[in-house]
Amino acid sequence: MADAENPLLGEITCGSLMQKLQEIWDEVGESDEERDKMLLQIEQECLDVYKRKVEQAANSRAQLLQVLSDAKLELSTLVSALGDKSSVGITEKASETIKEQLAAIAPALERLWKQKEERVKEFSDVRSQIQKICGEIGGNASEQTGALVVDESDLSLKKLDEYQVKLKELQKEKSDRLSKVLEFVSTVHDLCAVLGMDFFSTITEVHPSLGASTGVQSKSISNDTLSRLAKTVSALNEDKKQRLHKLQELATQLIDLWNLMDTPEEEKRLFDHVTCNSSALVDKVTVPGALALDLIEQAEVEVDRLDKLKSSRMKEIALKRQVELEKIFASVHIEIDPEAAREKIMALIDSGNVEPTELLADMDNQIMKAKEEALSRKEILDRVEKWMSACEEESWLEDYNRDENRYNASRGAHLNLKRAEKARILVNKIPGMVDTLVAKTRAWEEDRGISFMYDGVPLLAMLDEYAMLRQEREEEKRRLRGQKKVSEQQNMEQETAFGSRLSPARTAGPKKVVGPRANGGANGTPSRRLSLNANHNGNRSAGKDGKRDSMKLAGAANIVTVSKEDAASHVSRTDSVPASP
């Protein structure tokens, strides 16, 4: 009875429940109508339960189908975004249930999600680097602080490679720009050192990061920074060029003033740092502080000081220039009036009507012209010197030939013999020398339209005089040789008449010693005409040299005027031999 009242104690089924219900109805005495009504109600309630369950199952199936569809869509989207279809590895079968299909897709989705996360991170890293470098190049790196949005619709390796290639290009460009920036900075540093400027303040004006002590990678590489660096370098180079030009002008002025005033070497050495760059190129000036403003100011002060000192020493400087001019004229045998020139210079300085610099410039111009004149006369003067030397040798040879003891074995006789041989060769060249000298002198005079003066005497007149005197000398020699021949013939006749052979040399008195001959021959006239230049040279500034050359020229005249006195004495001695009674 207890088991019947507790239906949970056995196996509960629909039949056992229906049987239990029949027993309850029998015991209660329910009518058949009530029983049918109750059964219909129970049946309806069962249908409702089944219906709900079917609906729930249908909903569950629909949800699973939607999940499957979403999973497939997401799978397709991931595959498309990642661009790697071979990594899915899913084969659909017609007999597979929905859950089996979901179970097959889930691992692939999980793998693709993970791959997508990694790919997004890679894209983000590459694009952030690209964005950073672009910001550095554009000069707005500090403004790019927002989050970077990655386009997840295309996460393929091809797209990633494109970004990586672009990143490498930007990294190379950054490296090139950084090298250029560092090169500019180094150039600015060197220029500031040469110009004596503050490098830190100069470079930080371009961009603060350039003067910071942080790493190289933090330096600004923007277009604006490079442009400003280029302008800074250009400005410093121009400043360097101008300062060097100014310094070189000051150095030239210093050197000119030093040369004018014979400044001691010790004082010059104080400005070696200025004059050492007097002819240097801009690129070669690299010594720190070589073009500093204080150095240029120091040179300017020294030039001003020397200019003032030059004004007080103007007379001394001008006379020094005049002495230089006189030496040039004297060296080429041009006669001037030095006293008148000096008096004129002193008068100009004392009058104050001429600027000292203009006077010195005019004298420098005169010196330059004098040097040009000396250069144009050089060839002729060299030939005159050779002609005079040959005339000296001719004079010596004449003296040597009159020496009766020249062949004695005395000391130095062999040297005189060699000299005589050379002198004869040189004497034979004198007519050619004179002809060439005359031709050169005439060409010079025709070219310039003036006479070629030698110590105040026309050179052509001197040469013509020399040629005439040389011709007279030759005629005199021929006449003396004829007299000697007649004299010897008379001696031979006298010796035959007396039966003795007396030597004219023994009967004559002692031979007159040959010495330096005075200017002029027996008559004195030709040598006086030729040696007029010696009398004109007495007041020349270069007295010693002028007198030496004049004596040479007078010696040439002496050679031409043969000593008629010696020849006459020789004839008189032969005539003094006693005649036949």
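Glycine is treated like the rest: Cβ placed from N, Cα and C.
The stretch that TrEMBL tags with region 'Disordered', taken from the ranges 22-41, 262-281, 402-421, 562-581, is 562-581. Among the ranges 153-180, 461-488, the stretch that TrEMBL annotates as coiled coil is 153-180. Confidence for the coiled coil (153-180), expressed as mean pLDDT, is 88.
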